[in-house]
């Protein structure tokens, strides 16, 4: 019987534990573990996935910006994704971030940074129509959030009407900020809960999150949440039309009636940012609310737009957290892993050491630059730290304790899996195997293809993928669709019934939408969110494959790095052949509106009344109306109690406000097209 590798077993255990804890906390509002325990398990999982990149699954808690919305509230799509921030844990990492973004914008003279205290609460997105608060939503997973407008209205520091005195009157404004519980209020709430025999809240952040998701807004009102605004957007317009910088945006928020954290500061250099961070390390303990770090943003909106986003983070901002526990240990070996993108990641295998109640024995060394910077060698005594209290990281080498016989570590010149020469491209820190036939890359690409957020092929797990590659049954993801039950039965522990079931599951994956196929291709930097953004713009693979790089970069949320990666991917002959094979196999490389919406006249909207308002991302309003009518729906010009759906674009106007007051369901263009495809 084949033994499951300890790291595989532990990774799966951690995912299940964290998913159970997230469900209990976010959906049931009944935490089953302490926040610190969740953080510890999360960081352990994160470290395992860093050490074993091939174990990273799209449905892992580490791949989420937040949690999926519960069903008790209406799910709504954020007009602009609500991203989380990349973390740094010391000044060196802050400087590293500063150097990274500067490499993307080399011709820049001076730059300003805005530093803000990182409030430990819950992120909210607020929508104002003609100055009136019409919607408040949670972060959710960054793309979809929950409509908690009734609860948001109870927070006294959130204005129900914006103050436009002396300002341009804006038709639509979106404000982002943090809802939190002041420490004194938190203390009073727990005292009351103790008297009532109720379970106490673990900390102010949990209390704030649980309060916001109360179905009874009267309870929310009693808990006296507070709110600090920290940014704003003007849908349908360039944000620079009202503010050119983050500093100006904060000033504008104050003028509009929002409470803004008074401790923000404009800094002229990273050195000044570092001083701000060091000052608040101790001073924050005197604040009337919880804060766990400092948020650093580039002040210029123009520069922010140039830098764009990764799948999860803006490149122009970072959260600088406060330091964690450190301890000495000995490096016993330096191993090198190969991920699905071919990246070679060095890992320090260390004598086990206790940090924050857990045993640490491995730590990522990131790349050869980091190894050279540390001058780390096998046999060295090092200081290992748990960044963010959990992620193990080697922070320095105690060279005075170095044994005489040690030698500098050199990254391999050939892939440790396929033995082909590796490359390091100019300007990159990562060494890569570029052999498309490398077993490690192929296994990783297939595991990614079959994962839940991609083609979601049930029954095709890691062990089976490895068998398929090792026995040379597949050379690419397209080969999966040529597998037969007879071929599969030759594999270890694969019977006829299981083989037939797997063949059927593979065939069913041909029905997955274009956005999932694009994500499954594993193009560098293209996550599931980016794939959705791309397929909302480009309805067919041909449109995307022939798009200009500058046009791809113009999509909100798709920065230069992603655009370049997508553009270059479609110019590789092997990738073009893969697309041709997938098309021949019948996979969906076309968005629903190109295939079914104009197709068989399915009357799925029969008896339903629609109103279309605002500017849609890709469809003209008449085109949207035609699609609805072809599916049996009725389209009217005004919102009433008889309206079933409001299809909303940018600059929706008063129709949206009326629809919200009547409780009418709103649909984005993407949601409309998804319904047409069902």
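First residue shown is number 1, and so on along the chain.
Cβ atoms here come from the backbone N, Cα and C positions, even for glycine.
Around the Cβ of residue 39 (NAD(+) binding site), the number of neighbouring Cβ atoms within 10 Å comes to 15. Marked as NAD(+) binding site by Swiss-Prot: 35, 36, 37, 38, 39, 84, 85, 116, 139, 178, 297, 321.
Look at Swiss-Prot and you will find 118 tagged as active site, N6-AMP-lysine intermediate, backed by sequence analysis. For residue 118 (active site, N6-AMP-lysine intermediate), the Cβ neighbour count at a 10 Å cut-off comes to 24, with all displayed protein chains included.
According to Swiss-Prot, the Zn(2+) binding site annotation covers 415, 418, 433, 438, on the basis of sequence analysis. Around residue 418 (Zn(2+) binding site), a 10 Å sphere centred on its CB holds 18 further CB atoms from the protein chains shown.
Residues annotated as domain 'BRCT' in Swiss-Prot: 600-678.
Each residue contributes its Cα atom, and for residue 438 (Zn(2+) binding site) and residue 118 (active site, N6-AMP-lysine intermediate) those atoms are 43 Å apart. Remark: secondary structure over the domain 'BRCT' (600-678) totals 28 helix, 17 strand, 34 coil, with classes taken from DSSP. Of the candidate recorded positions, 118, 415, 418, 433, the one lying closest to residue 297 (NAD(+) binding site) when CA atoms are compared is 118. Within the same chain, the residues at least 6 positions away from residue 85 (NAD(+) binding site) whose Cβ sits under 8 Å from its Cβ are 295, 313, 314, 317, 318, 319, listed in sequence order. DSSP gives residue 39 (NAD(+) binding site) a helix state. Using Cα positions, the member of the recorded positions 39, 118, 139 nearest to residue 418 (Zn(2+) binding site) is identified as 39. Long-range Cβ contacts of residue 433 (Zn(2+) binding site) within its own chain (separation 6+, distance under 8 Å): 338, 342, 344, 415, 417, 418, 420, 422, 440, 441. Excluding the listed site residues 415, 418, 433, 438, the same chain places 338, 342, 414, 416, 417, 419, 420, 422, 434, 435, 439, 440, 441 with Cβ atoms within 8 Å of the centre of the Zn(2+) site Cβ atoms.
Distance from the CA of residue 118 (active site, N6-AMP-lysine intermediate) to the CA of residue 139 (NAD(+) binding site) is 16 Å.
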